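J.: Take a look at the following structure, please.
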Amino acid sequence: IAELVSKRHEHKTKKCLRGYLNRRTADRPLDLEGHPSGGLVLHKIYEVNERSDGPSAAQREADERVEHGQRDNAEPVQETPQKIPETFTVELCFVTDNEYRNAFSTLDDMITYFGTLLNAMVLRFADMQFPKISFQLNGVTVAERGELFVHEDGHVEITKTLQRLQNFISDGKYEHCDVVLLLTRATLTKKVRTGYTRANGAANAGAVCNANRVAIAHDIPPSYNGLRTIAHEMGHMLGSVHDGADPAPNIPGHPGSHKCPWSDRYLMGEGQYGARKYQLSQCTKEQIQIIYKNLSSTCIQIQRSSNNSIKAYPGQGMSPVKFCNIVYEGAKEHKAISEYTKCQMKCCQKT
């Protein structure tokens, strides 16, 4: 089974044996097991004579005219209402750098890690209905750090890095991605009025499928310690602001989240302790539903069928001590202390 991996260089894209999708390759999905609703998929690659990474601008314009009952040189036609699918499969592409890639012995290991991460992430959205949420892994790109990151004050500044990532995906090779997520083990900061503050990730609310469909998250592989952040940023991409926050100003009719306090500790709130950090608040569910109802059919529809599965979850093969030693690499051995009532694990340095 081929993997969706490419290595990006400053002036060219090098296609590996496990090649990135382009106009000479097509793909077949590889199913990842998640919540019983399923839907997490990698892809198998095969050669084709010619393909487009997505509909042309002219075709999209023509399709839009048809959706509104208009055709070129034709009388308006009556539109037949179509039922919105009950499941939204978010097509996800990962971008990372060589430092992140080097945490894995093989590319196979990194692909399996991403699939396992998505299996766990879908559980955070398990109680979402209309739509149910599943994920599909469409591609992985390993790029040079200079292409991806903007450094300020010795760390990666997330706002400008997101802008650079948005430019990075504007070459037309990511049209098959509803969301493009940059994963890094580098320290992230955000520039504020008084200087810089630490950050775990960032994303734009409701940006799924549009030109701003980029997000960034801190993760130290292969520990899965960025899982909550990734799921949190995915909540933003699907339309949710933070619990307790005002409506998203860029989304007409957005309800905001005033009814759900930040202190309730759901995924889009404080969410550091307790079982609620693995769940969505009612406000988050309602916001996702509103965004979903207004997505284009092109965004919602999935054209590819799955053919294989990854069934692993992060807890398998990961002991508490191993987790602490991965996250605090280079420090003295750590002792792991689990606080089950808080759904939290602490790493304490041995003395």
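The count begins at 1 with the first shown residue.
A Cβ is built for glycine as well, from the same backbone N, Cα and C atoms used for every other residue.
Sharing the features that TrEMBL gives for it:
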type	residues	note
ACT_SITE	GLU233	active site
BINDING	HIS232, HIS236, HIS242	Zn(2+) binding site
COMPBIAS	60-74	compositional bias 'Basic and acidic residues'
DOMAIN	88-304	domain 'Peptidase M12B'
REGION	51-82	region 'Disordered'
J.: Could you name the residues, excluding HIS232, HIS236, HIS242, of the same chain that surround the Zn(2+) site, i.e. Cβ within 8 Å of the Cβ centre of those residues, in sequence order?
T.: ALA203, ALA205, GLU233, GLY235, SER240, VAL241, LEU267, MET268
J.: According to DSSP, which of helix, strand or coil covers HIS232 (Zn(2+) binding site)?
T.: helix
J.: So what sits near HIS242 (Zn(2+) binding site) in its own chain, CB-to-CB under 8 Å and at least six residues off in sequence?
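T.: Listed in sequence order, they are SER257, TRP262, MET268, GLY269.
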J.: Determine the Cβ neighbour count for HIS236 (Zn(2+) binding site): the number of other Cβ atoms within 10 Å of its Cβ.
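T.: For HIS236 (Zn(2+) binding site), the 10 Å Cβ neighbour count is 23.
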J.: For GLU233 (active site), which residues in the same chain are close in space, meaning a Cβ under 8 Å from its Cβ, but six or more apart along the sequence?
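T.: Looking at Cβ-Cβ distances below 8 Å from GLU233 (active site), excluding near sequence neighbours, one finds LEU181, GLY201, ALA202, ALA203, ALA215, ILE216, ALA217.
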J.: Just counting, how many other CB atoms are there within 10 A of the CB of HIS232 (Zn(2+) binding site)?
T.: 23
J.: So, three-state DSSP: helix, strand or coil for HIS242 (Zn(2+) binding site)?
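T.: In the DSSP reduction, HIS242 (Zn(2+) binding site) maps to coil.
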